[in-house]
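First up is the structure itself, then whatever we jot down about it.
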Amino acid sequence: MTTSPTAIPPDQPDQPGEPDRPDARDREPVVAMTGITVTFPGVKALDGVDLRLFPGEVHALMGENGAGKSTLIKALTGVYAVDAGTIVVDGTARTFAGPAQAQAAGISTVYQEVNLCDNLSVAENVMLGHEVRRAGLVDFRGTRRAAREHLRALNLDIDPASTLSSHSLAVQQLVAICRAMVVDARVLILDEPTSSLDVDEVERLFAVVRDLRGRGVAILFVSHFLEQVYAISDRMTVLRNGTLVGEYRTADLPRVELVQKMIGRSLEVLEQLEEAPKRVAAERGVQPYVQALGLGRKGSIEPFDLDVYPGEVVGLAGLLGSGRTELARLLYGADRSDVGELRVEGQPTRLRTPRAALARRIVYSSESRKTEGIIGDLTVRENIVLGLQAERGWLRRIPQRKADEVVAQYVEQLGIRPADPDAIAGNLSGGNQQKVLLARWLATQPRLLLLDEPTRGIDVGAKAEIQRLVAELAEQGMAVVFISAELEEVLRLSHRIAVMRDRRKIGELVNGDDVTTDDVVDLIASGGQDA
Amino acid sequence: MNLGAIARHRLFWPLVALVLLLVASALKSPAFLEVTVRDGHLFGGPVDILRRSSVLLLVALGMTLVIATRGIDLSVGAVMAIAGAVALSQIAASPDPGALSTVLLAMATALAVALAVGVFNGFLVAVVGIQPIVATLIFMTAGRGIAMLITGGQITTVTSAPYKTIASGYWLGLPVAALIAAFVFGVTALLTRRTALGVLIESVGINPSASRLAGVRARTIIWTVYVICAAFACIAGFIKSSDIMAADSNNAGLFIELDAILAVVIGGTSLAGGKFSLTGTLVGSLVITTLTLSITILGIPVNAVSLFKALVVIAVCLLQSPVVQHRMRSRRRRVAPVPVEVPA
């Protein structure tokens with residue numbers, strides 16, 4: 001592997017006053033990891049990787065799924081034992097036996113999936129393990145007061161006594177950060193903190209992050225959203241396949257180059273995607289495959305009309321919580337509608353269960369891969385044939401050979417890595433789990449594919465592949481409903497866009513060359529009044 | 001497969017415990033492991049273990065499937081009592097207790113009642129959404145009362161040759177009870193591994209909501225395992241009551257739910273649900289039965305029986321636990337010769 005000239009050689013001494021870290025030039029790194037190697041049975045997850053974090057900087061850790069980002073974080077926080085290499089914190093070589101020790105040394109982590117206790121109060125979550133005590137007993141009032149102060153420090157004005165689950169995911173994420181800061185962390189690791197946040201919430205999170213940076217905290221930021229990385233980070237370390245590609249100043253590294261370094265191959269995939277002409281409504285069938293007439297569910301989504309034609313991609317645009325997922329769940333029978341009518345191929349149909357939808361060749365890929373998608377302990381093979389098997393019923397087991405054929409076909413077509421049908425699905429990276437899910441649904445040969453955030457939290461390469469697949473499937477005559485928080489993605493893929501706000505469908509746009517994200521945003525902002 | 005891999009196998013320590021118990025019993029009483037042929041029937045310690053473990057194995061097989069769906073069934077002991085009560089009451093009330101048709105009819109009635117209990121349990125868990133431990137607690141406590149009502153508060157005894165055969169008969173030299181258990185084991189294995197039922201049960205146990213969204217009839221599957229579990233407990237109830245030719249509503253299958261849960265856990269099926277192992281449950285049942293038998297042979301004082309049983313179970317569970325396994329492996333690694341440092 002050749003190192004690009006912009007890369008800083010890992011062993012180069014830290015020159016005071018060098019121009020690449022304006023905020024931290026005269027300081028020693030608070031964390032310096034050198035030559036980190038972590039081996040799992042059969043795989044080298046990390047091979048000689050370096051990472052330096054300076055006080056008062058936001059450092060982005062970049063790489064595709066499976067590049068070793070999570071492993072590196074876990075090596076730093078003591079979740080994984082390091083097979084080779086040194087971790088120096090504040091000038092002292094350290095080995096942490098677990099996250100608790102790392103936290104005691106001032107290194108706090110906020111994980112991708114919010115790791116809090118839903119049923120406890122906000123105050124209890126923030127102060128868990130650091131409750132204010134009086135005479136050995138927990139002083140709940142004092143604890144709440146302390147929690148309120150910590151929340152204030154992050155400009156979070158919520159009632160500490162309220163139950164955590166009563167707040168949105170975004171607020172929960174901020175509570176998680178607040179919890180991490182209770183111990184006066186000097187290093188804060190944010191692993192995909194924005195993957196379930198909408199634009200405003202991200203801005204709110206970033207305000208907190210900038211504030212912490214100003215206070216001299218070193219922040220390690222992991223995200224798949226390039227825009228966000230460029231908006232917030234000062235420097236970045238790029239990993240690929242468990243090895244170090246290099247350390248760069250964010251301002252010095254154009255996006256295109258970054259992506260190239262991350263995926264380690266030519267930009268063909270990406271360019272194709274960017275240049276692909278906008279897909280405008282063209283040859284669609286005469287009869288909609290599904291037709292919702294005033295379909296709705298109390299407390300979930302207001303009655304809406306929607307037609308989806310074969311060969312058409314209908315995008316659902318809207319902010320988080322605008323009812324996109326709820327709409328898709330009604331079309332799949334995951335939730336039952338209480339008003340309105342659903343017609344499948346012109347026939348009035350009541351979908352009472354997902355299985356009923358499956359029988360009508362309607363499938364839904366959930367936005368929550370872990371909790372509603374993958375069956376973690378089962379193998380890739382078992383996960384892929386699960387949909388087919390569910391449709392056939394338990395009595396008619398899919399013959400081994402048939403299963404092998406189906407699995408081999410989709411593992412190849414979707415490029416699932418590792419290409420081992422017997423691998424435990426829960427051990428795959430996010431992007432590959434997503435592909436396994438897609439394979440499960442494609443194997444049932446659906447006529448209508450409901451995709452809820454299929455590209456969230458997965459790397460650029462996988463994302464491009466999934467987008468291309470969606471386009472291809474539609475060309476072959478499949479009806480697709482595509483949900484994504486990224487408006488660009490929705491615009492790029494959809495023929496028609498249904499715009500959602502506040503659990504209501506507020507309008508519909510026919511996509512065309514003249515339609516831009518601004519139009520969609522305007523429609524959302526106006527609430528569909530003038531549309 | 002090398003030794004280390006064998007030692008790491010899920011069933012290694014349960015099997016070691018089984019062998020140790022057998023060896024200890026044989027040392028104490030050398031005739032224990034002898035198998036002799038009398039009247040064309042096999043007799044001896046091992047045959048006795050097989051015969052006696054049949055009841056536990058039947059209950060534990062059903063329990064395995066229930067546990068695999070993240071559930072638990074505490075009502076199995078009570079179902080055993082009800083099965084015995086229904087079957088024996090009907091036989092006792094019939095004009096011809098010795099007729100095969102009477103016995104078969106009585107067993108069919110008992111099975112129908114047991115299935116009804118299973119349907120009720122499954123309904124509470126799968127449809128109403130009551131936690132399994134609470135839902136099955138209802139019949140665990142009420143079931144014995146129902147059995148008492150059926151027998152009129154008496155211990156019903158009967159004389160019926162065909163019914164006696166279930167527990168005491170022999171076929172092809174082997175005890176009928178063991179053959180019944182083996183048959184049920186075989187059927188369960190076929191049912192779960194030759195059809196897709198096994199993988200669907202596991203899928204529901206690992207992630208119920210994902211399974212439902214994948215189109216799996218999670219509710220039906222959960223319901224089914226409680227019905228299966230009750231049916232197997234019913235068969236165990238037949239063997240138990242046939243053994244003493246009496247329906248003892250108070251004591252039939254008392255605390256067997258705990259032994260069954262233990263057998264499942266020793267067999268390596270997690271109480272958290274998901275992956276299950278029928279072979280593991282078989283081994284677990286054999287360990288617990290052998291343990292109960294060897295306590296008598298080793299002459300352990302009656303007062304200390306529960307303690308001894310608990311110690312063996314704790315030892316097996318500890319040795320199986322991931323934490324201990326990990327510790328032992330890293331210790332072994334530490335003892336291994338230190339690799340020569342390679343100069344940089």
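Going from the start of the chain as shown, residues are counted 1 onward.
Heads up, the Cβ atoms here are built off N, Cα and C, so glycines get one too.
Unlike curated entries, TrEMBL annotations are predicted automatically.
According to TrEMBL, the transmembrane segment annotation covers B:50-67 (among others).
The transmembrane segment annotation in TrEMBL covers B:74-93 (among others). Long-range neighbours of the transmembrane segment (B:74-93) within the same chain, counting only residues 6 or more positions beyond its ends whose Cβ lies under 8 Å from a Cβ of the stretch, are 55, 59, 62-63, 102-103, 105-107, 109-111, 113-114, 117-118, 121, 133, 136-144, 146-148, 150-151, 156-158, 160, 163, 229-230, 233-238, 240-241, 246-250, 252-257, 260.
Look at TrEMBL and you will find B:99-126 (among others) tagged as transmembrane segment.
The list of residues near the transmembrane segment (B:133-150) in space but at least 6 beyond its ends in sequence, with Cβ under 8 angstroms from a Cβ of it, reads 72-75, 77-79, 81-82, 84-86, 89, 117, 120-121, 124-125, 226, 247, 249-250, 252, 257. What TrEMBL lists as transmembrane segment is B:133-150 (among others).
Among the features that TrEMBL reports, transmembrane segment is placed at B:170-191 (among others). Long-range Cβ contacts of the transmembrane segment (B:170-191) within its own chain (Cβ-Cβ under 8 Å, at least 6 residues beyond either end) map to 37, 40-42, 47, 50-51, 53-55, 57-58, 61, 65, 197-198, 228, 232, 235, 239, 242-243, 278, 282.
Among the features that TrEMBL reports, transmembrane segment is placed at B:221-239 (among others).
Per TrEMBL, the feature transmembrane segment maps to B:251-271 (among others).
Marked as transmembrane segment by TrEMBL: B:278-300 (among others).
Here TrEMBL flags B:306-324 (among others) as transmembrane segment.
Here the transmembrane segment (B:50-67) has long-range neighbours at 73, 76-77, 80, 132, 167, 174-175, 177-178, 180-181, 184-185, 188, 192, 201, 225-226, 228-233, 235-236, 239-240, 253, 256-257, 259-261, 263-264, 267, 269-271, 273, 276-278, 281-282, 284-286, 288-290, 292-293, meaning same-chain residues at least 6 beyond its ends whose C-beta is under 8 angstroms from one of its own.
Residues 54-56, 58-59, 61-63, 65-66, 68-69, 71, 73, 75-77, 79-84, 87, 107, 110-111, 113-115, 117-119, 121-123, 125-127, 136, 166-167, 177, 180, 184, 188, 197, 200-201, 204, 252-253, 256 of the same chain lie 6+ residues outside the transmembrane segment (B:221-239) yet bring a C-beta within less than 8 angstroms of a C-beta in it.
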